[in-house]
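In Swiss-Prot this protein carries:
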SIGNAL    1-24  signal peptide
DISULFID  50-66  disulfide bond
DISULFID  54-68  disulfide bond
DISULFID  59-73  disulfide bond
């Protein structure tokens, strides 16, 4: 279980760093729809995105209170 928690934390760290790099860099162009969906805190759902999708598998971040809505995990 400890290995799973370590891998989960590593995954969340890498995912957040990739999103920060995509947001700040001019050379990396994230699709507007995906960028708005994952990084917009003023979304129409009124929720904070957890930074993962739930298209094929459920939200891994349900342990911190996230749930799936419109194929993106929100808290």
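For all residues, glycine too, the Cβ spot is worked out from N, Cα and C.
Location within the structure of each feature annotated in Swiss-Prot.
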{"residue": "50", "record": "disulfide bond", "DSSP class": "strand"}
{"residue": "59", "record": "disulfide bond", "DSSP class": "coil"}
{"residue": "66", "record": "disulfide bond", "DSSP class": "coil"}
{"residue": "73", "record": "disulfide bond", "DSSP class": "strand"}
>> For a quick check of packing: other C-beta atoms within 10 Å of the C-beta of residue 50 (disulfide bond), how many?
In response: 23
>> I need the nearest neighbour of residue 50 (disulfide bond) among the disulfide-bonded residues 59, 68, 73, using C-alpha distances.
In response: 73
> Hey, how far is residue 68 (disulfide bond) from residue 59 (disulfide bond), Cα to Cα, in Å?
Replying inline: 6
>> Neighbour count, 10 Å Cβ-Cβ cut-off, for residue 73 (disulfide bond): what number do you get?
In response: 23
> Reported as an integer number of Å, what is the Cα distance between residue 66 (disulfide bond) and residue 73 (disulfide bond)?
Replying inline: 6
>> Counting across all protein chains present, how many other Cβ atoms fall within 10 Å of the Cβ of residue 66 (disulfide bond)?
In response: 22
> If you measure residue 54 (disulfide bond) to residue 73 (disulfide bond) at Cα, how many Å is it?
Replying inline: 6
